[in-house]
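Visitor: Okay, handing you the structure first.
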Amino acid sequence: MGRRRRGLPIDGVVLLDKPQGMSSNHALQRVRRLFQAQKAGHTGTLDPMATGLLPVLLGEATKFSQHLLDADKVYRTRVELGASTDTGDAEGEVVARSAVPTLEESDLRTMMAGFIGEQQQTPPMYSALKLNGRKLYELAREGKSVERASRAIRVYDARLLSASLHGVSPSFDIEVRVSKGTYVRTLAEDMAKALGCEGHISQLRRLETGPFDASGMVTIEMLESLPDQSEREAQLAPIDSLLQHLPAHQLSERGARALTFGQPARQEWDFSRAVDAGENPIRLYRDDAFVGLGVVETEGDIIPRRLLSSFVAGSAQD
């Protein structure tokens with residue numbers, strides 16, 4: 001017999017407002033213990049210095065984490081001009097200083113406009129990317145630097161929120177919408193260089209990830225203050241909230257049963273609804289309950305892509 005999984009079979013998404021100074025993994029484990037969940041995962045690391053939206057997936061929601069890992073994100077950050085650090089943020093050691101040219105807000109807006117669109121970005125050494133099984137930040141802490149391949153990222157929007165340019169410590173606050181894999185620390189360094197000086201970030205807050213925004217966030221303290229498990233579970237977003245960008249389909253009884261046996265649901269899809277056959281997944285429902293993802297084949301058949309274990313087990317008992 002296999003080992004029995006410890007904890008409760010709780011499924012859903014916690015929209016956590018991660019506090020400053022806590023690692024994403026520590027935050028994840030705190031949430032998992034609060035819910036006594038069997039399984040938990042997050043969808044993209046936030047630096048310990050950063051705050052804001054960290055979706056924590058519980059139970060079967062973890063099956064669909066890739067859809068948030070691939071999602072666009074929105075950040076608010078403060079860029080400090082005149083010094084760069086080894087980590088790209090205020091927690092690192094200063095490695096270079098420079099004079100800051102005389103700047104106006106119009107100079108910032110012109111500079112930021114030049115960053116809109118696709119570009120190549122080299123990930124920083126202080127990152128969770130791995131090389132030969134080791135995270136880059138582990139190598140960086142040992143004083144090592146290795147070659148990192150640049151990769152394509154996209155900045156969809158960059159807005160200047162405020163600027164303090166004429167004091168002792170010039171800085172400006174921006175909000176950016178970026179593609180997956182974008183390092184805001186590196187983006188800020190590149191923006192400072194485009195202005196003719198060094199730079200780093202001193203604040204970073206994530207406001208949006210895919211379909212989720214800051215309006216639904218809860219803190220660890222809020223979860224701890226709730227009197228019982230039922231009230232904590234009331235804070236969970238449903239699993240399919242991760243997947244609202246995908247088309248939805250209500251399965252027939254016959255189609256649902258076929259999928260649970262790994263067989264296609266024959267001629268279930270109406271091609272008057274646009275979908276790329278054999279490629280993009282669709283959300284599947286039975287009696288309005290989300291049961292997983294499928295893919296439409298050329299004949300309108302739906303094949304299972306990723307189904308909830310509870311749906312498969314429940315159908316097998318019918």
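Every residue gets a Cβ built from N, Cα and C, even glycine.
Remember, TrEMBL labels are computer predictions, not curated facts.
Keep in mind the model is a prediction, meaning the values are calculated, not measured.
Annotation source TrEMBL lists active site, nucleophile at ASP47. What TrEMBL records for 32-184 is domain 'Pseudouridine synthase II N-terminal'. Feature annotation from TrEMBL assigns domain 'tRNA pseudouridylate synthase B C-terminal' to 185-243. Among the features that TrEMBL reports, domain 'tRNA pseudouridine synthase II TruB subfamily 1 C-terminal' is placed at 247-308.
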Visitor: What does DSSP give as the helix, strand and coil breakdown of the domain 'tRNA pseudouridylate synthase B C-terminal' (185-243)?
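Guide: The breakdown for the domain 'tRNA pseudouridylate synthase B C-terminal' (185-243) reads 30 helix, 15 strand, 14 coil.
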Visitor: Can you tell me the mean pLDDT for the domain 'tRNA pseudouridine synthase II TruB subfamily 1 C-terminal' (247-308)?
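Guide: The average pLDDT of the model in the domain 'tRNA pseudouridine synthase II TruB subfamily 1 C-terminal' (247-308) works out to 85.
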Visitor: Non-local Cβ contacts of ASP47 (active site, nucleophile) (under 8 Å, 6 or more apart, same chain)?
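Guide: Same-chain residues close to ASP47 (active site, nucleophile) (Cβ under 8 Å, separated by 6 or more) are ASP89, ARG185, LEU204.
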Visitor: Hey, does DSSP put ASP47 (active site, nucleophile) in a helix, a strand, or just coil?
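Guide: Reduced to three states, the DSSP call for ASP47 (active site, nucleophile) is coil.
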Visitor: If you run through the domain 'tRNA pseudouridine synthase II TruB subfamily 1 C-terminal' (247-308) with DSSP, how many residues end up as helix, strand and coil?
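Guide: Helix/strand/coil tally for the domain 'tRNA pseudouridine synthase II TruB subfamily 1 C-terminal' (247-308): 8 helix, 24 strand, 30 coil.
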